[in-house]
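Asker: I have a structure I would like to understand better, so I am pasting it below and will then ask my questions one at a time.
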Amino acid sequence: MSGFLASLDPRRVQWGAAWYAMHSRILRTKPVESMLEGTGATTAHGTKLAQVLTTVDLISLGVGSCVGTGMYVVSGLVAKEMAGPGVIVSFIIAAVASILSGVCYAEFGVRVPKTTGSAYTYSYVTVGEFVAFFIGWNLILEYLIGTAAGASALSSMFDSLANHTISHWMVDSVGTLNGLGKGEESYPDLLALVIAVVVTIIVALGVKNSVGFNNVLNVLNLAVWVFIMIAGLFFINGKYWAEGQFLPHGWSGVLQGAATCFYAFIGFDIIATTGEEAKNPNTSIPYAITASLVICLTAYVSVSMILTLMVPYYAIDTESPLMEMFVAHGFYAAKFIVAIGSVAGLTVSLLGSLFPMPRVIYAMAGDGLLFRENVTRCQPDCNFDMSAVELVTYPGKEFEWKELRP
């Protein structure tokens, strides 16, 4: 016991070496040169991701990850609760902020084409290892929560289309639990679990299959969007924008709505996570980020215009605004057509939340920040104290050990 206490004596600690080791590890950055060289060779895992994605594929991924919740949920919520028809201006303000953020992603994508980790990789290259570790885990948490929310939204959509028979059956057959976030008592959402597992299997089938599935859903979503635009023109009424109703809550409501609308544009970073799998990342990433944001803005503004011209802002249904706006005019068949688009949009948004997660984990694991790799290769003369050495790797070369000195 006395020996252990003696080892804790501050006078026996080599503070200079300890501070240098901690400082160098926390603030060390990843050399850009090593990443540029690694794009044509194997990665830290000893493998190389297939470069199969075109610019169109990246745009489809970006649009799919954003447009689902923004078009079918956020537009109605902001219009009724915050901005009224001024939700159009809210989307434009949020789009400007998103485009500025997207330009930053695009610049990093050009400078660092091997961007499997997205913001994690950018922070590792520019700021340091500690910040990269923190951002990497935050990205994993973000994608995990987004996946859970998307699966829950899809489950609620199916339950609504089934006239709530699913939830009633779950309550009667499985029971209820406390503290699930849906009220004091709620049923365990097993359907959301099944949906998340199915989408996980689709992602596990490979990037080409995942992107193909994403493209099919986006085409379906595009067809429904065109239907909404054409069918809605027969029911619009300009009086809902007249007599000061365009900004019922003033500019404060518009700005409050813009803060919520910004959430609808989050998801374009999925393009950055696939930078290593793009055929030409130097041009594909900037074009795809910009194009996806412009397409999403066009969809949000056009849908918000039709919505607020068909229904008074105070009568909008916040849970399913696009479906109920046709029901308000007696066009019941349109409800089911829009429901198909809602399911497709929410599914592709769920895919957009789950798709980048394994790539961020892959990048962090390759850098040794998620699970430490067991490396046994060493030079024959490495007879120094292993607690005072640091592993240094060079692309295409053997591992080397560098002694840490204050």
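Even glycines carry a Cβ here, placed using N, Cα and C.
Sharing the record's features from TrEMBL:
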| type | residues | note |
| --- | --- | --- |
| DOMAIN | 58-369 | domain 'Amino acid permease/ SLC12A' |
| TRANSMEM | 58-79 | transmembrane segment |
| TRANSMEM | 86-108 | transmembrane segment |
| TRANSMEM | 120-141 | transmembrane segment |
| TRANSMEM | 190-207 | transmembrane segment |
| TRANSMEM | 219-242 | transmembrane segment |
| TRANSMEM | 254-275 | transmembrane segment |
| TRANSMEM | 287-316 | transmembrane segment |
| TRANSMEM | 336-355 | transmembrane segment |
Asker: Does the transmembrane segment (86-108) make contact with the transmembrane segment (254-275) through 3 or more Cβ pairs under 8 Å, each pair 6 or more apart in sequence?
Answerer: yes
Asker: Hey, which bits of the same chain come close to the transmembrane segment (58-79), Cβ under 8 Å, at least six residues off its ends?
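Answerer: Same-chain contacts beyond the ends: 85, 87, 90-91, 150, 153, 211, 214-215, 217-218, 221, 225, 257, 260-261, 263-268, 270-271, 274, 278, 284-285, 287-289, 291-293, 295-296, 299-300, 303-304, 307-308, 313, 316-318, 320-322, 341-342, 344-349, 351-353, 355.
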Asker: Looking only at residues six or more beyond either end of the transmembrane segment (336-355), which have a C-beta under 8 A from one in the stretch?
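Answerer: Hits for the transmembrane segment (336-355): 61, 64-69, 71-72, 143, 146-147, 149-151, 153-154, 157-158, 161, 195-196, 199-200, 202-203, 210, 213-214, 217-218, 220-221, 223-225, 227-228, 267, 270, 273, 320, 322-323, 326.
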Asker: How about the transmembrane segment (219-242) with the transmembrane segment (287-316) - do they touch, taking at least 3 C-beta pairs under 8 Å (6 or more apart in sequence) as contact?
Answerer: yes
Asker: Mean pLDDT for the domain 'Amino acid permease/ SLC12A' (58-369), as a whole number?
Answerer: 82
